Amino acid sequence: MSDDLTQHYSQILSILGEDTQRGGLVDTPKRAAKAMQFLTDGYEKNLNDVVNGAIFEADTDEMVVIQNIEYYSLCEHHILPFIGQCHIAYLPQGKVLGLSKFARIVDMYARRLQIQEGLTKQIADAIQEVTGAAGVGVIMEGKHMCMMMRGVQKQNSSMVTSVMLGAMRKSDATRNEFLRLIGK
């Protein structure tokens with residue numbers, strides 16, 4: 001795939017009128033291909049491998065919150081970056097997920113061509129699937145380069161999406177506890 005991407009990036013540069021043999025551009029197609037592979041390596045991962053058995057028995061049913069997980073992704077409409085923070089809460093039912101796995105789940109889905117709305121849902125569904133939690137909440141904040149660099153060019157715009165599952169959706173008190181804990 002890397003050779004194909006390199007060739008396509010070279011063609012794109014040529015179509016734009018650039019000289020691909022110019023000093024600063026000689027290795028650009030190769031670097032761009034490598035960057036694109038890294039930015040989309042989520043396609044090569046699956047939930048079971050990412051979790052890697054890191055589900056642990058725990059005598060707790062109280063809310064667990066992981067906040068300010070940084071992420072970056074590429075929007076599926078313009079292939080431009082969007083970046084932000086993800087906040088996750090879940091209500092364990094005798095099992096907890098290893099802490100680093102939350103960030104790994106976020107990265108796995110973020111490193112695919114995405115929209116933030118879909119990314120938020122994928123993360124919530126994945127956490128629900130692997131933990132069997134009584135409730136899951138995911139809130140994502142993002143700044144989208146497709147809004148900032150092109151089109152309407154609104155530099156201070158941001159987007160917030162949320163998905164609430166189970167008790168997080170059904171109980172106002174539980175949802176409000178999550179929002180309070182993350183300062184929203």
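One is the number of the first residue shown, and numbering goes on along the chain from there.
Note: Cβ is positioned from N, Cα and C throughout, glycine not excepted.
Straight from Swiss-Prot, the features:
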- C75, H78, C146: Zn(2+) binding site (BINDING)
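Other residues of the same chain near the Zn(2+) site, with their Cβ within 8 Å of the Cβ centroid of C75, H78, C146, are L74, E76, H77, I79, L80, F82, H144, M145, M147, R150.
Look at C146 (Zn(2+) binding site): DSSP puts it in a helix. Under the DSSP three-state reduction, C75 (Zn(2+) binding site) is assigned to strand. Neighbours of H78 (Zn(2+) binding site), defined as other CB atoms within 10 A of its CB across all chains, total 15.
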